[in-house]
């Protein structure tokens with residue numbers, strides 16, 4: 001079973017940075033490593049959300065900005081860390097185009113639906129785990145899908161469908177956890193439940209196993 005076919009998020013292998021955008025994301029966050037020298041493992045934790053997280057899990061569409069929650073130990077100067085993250089990271093995509101990705105320093109995950117246990121399901125990024133002072137995680141597919149029920153733009157719906165089709169989201173678990181998250185989320189509860197119903201309808205109607213893609 002390949003990374004993109006893994007359906008059990010709890011047992012998922014670390015996310016590998018095998019695309020130009022993925023490598024650029026890793027390079028951007030690695031800038032903080034000189035500031036973390038001598039600190040314990042996980043002194044700086046990063047949780048990646050948004051379009052970049054969807055790309056890392058599915059290799060589908062990318063994004064020019066990184067949505068991430070950043071948690072620094074008290075001994076660290078978070079302002080210095082954020083300063084080294086300010087410049088964009090350049091990379092060349094598969095078509096030879098020069099592109100950039102940057103960290104959205106205004107991002108917060110407090111404004112949309114998000115399940116309270118998302119950290120337990122987050123998937124480590126290869127090379128940024130274990131004894132490293134910098135631990136980077138990608139939000140699990142189901143938690144990414146839940147987070148996209150707030151705005152639910154056309155891109156958000158597409159992202160959820162890609163996560164389901166790539167086996168990163170089990171529809172049954174999605175319904176259960178999304179309903180729980182919406183109960184305590186900020187925003188219009190009925191609207192978010194309507195978006196949930198809309199995006200899962202075709203998978204339930206088809207009678208498909210949501211993780212099989214068949």
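The backbone N, Cα and C atoms fix where each Cβ goes, and this holds for glycine too.
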Record feature phosphoserine (Swiss-Prot), assigned residue among 43, 63: 63
Close in space, distant in sequence - residue 63 (phosphoserine), Cβ under 8 Å, 6 or more apart: 50, 51, 52, 54, 55, 101
